[in-house]
Amino acid sequence: MQLVVMVAVLALAGAGQGCSFGCHPTNISIQVESCGLTEVIYTTICEGQCYHEDLVYISHYERPEQRICNGDWSYEVKHIKGCPVGVTYPVARNCECTTCNTENTDCGRFPEDIPSCLSF
């Protein structure tokens, strides 16, 4: 259940957001479901962009360090009235640009164009 809620949080983080530079916590609302009941909860996620520079020459032996916006996460439980089963959801405690950790994050390259914040 935690994985499903985390995926929903991360998907909603990018939906309808404008450009944001720097890494910082932001408040969002998400829908959670338990016992067939749905309720909106408010949580905090990490959002923003971290500086990264692609090298002209890409070596197969030494990859450039990729930094991502991440932080310390904890989990809280929400009980929906009339349902004995609680819903666990993530809450970001702080956010910073850190080295991508392949043990808990997909650090691969994004295969498509990344939209720019610049308007020409």
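Positions of Cβ are set from backbone N, Cα and C atoms, glycine also.
The feature signal peptide is assigned by Swiss-Prot to 1-18.
The C-beta environment of C69 (disulfide bond), restricted to residues of the same chain at least 6 apart in sequence and closer than 8 Å, consists of C23, C46, E47, G48, Q49, C50, C95, E96, C97. If you look up Swiss-Prot, you'll see C23-C69 (among others) marked as disulfide bond.
In this structure, N27 (N-linked glycosylation site) is part of a beta strand by DSSP. Marked as N-linked glycosylation site by Swiss-Prot on the basis of sequence analysis: N27.
Sequence annotations record features per position, and here Swiss-Prot assigns disulfide bond to C35-C83 (among others) based on similarity to another entry. Listed in sequence order, S34, C35, L37 are the same-chain residues at least 6 apart in sequence whose CB falls under 8 Å from the CB of C83 (disulfide bond).
Under the heading disulfide bond, Swiss-Prot lists C46-C95 (among others), citing similarity to another entry as support.
Residues annotated as disulfide bond in Swiss-Prot, with similarity to another entry given as evidence: C50-C97 (among others).
Here the Cβ of C100 (disulfide bond) has 16 other Cβ atoms within 10 Å, regardless of which shown protein chain they belong to. Annotation comment: Swiss-Prot describes C100-C107 (among others) as disulfide bond.
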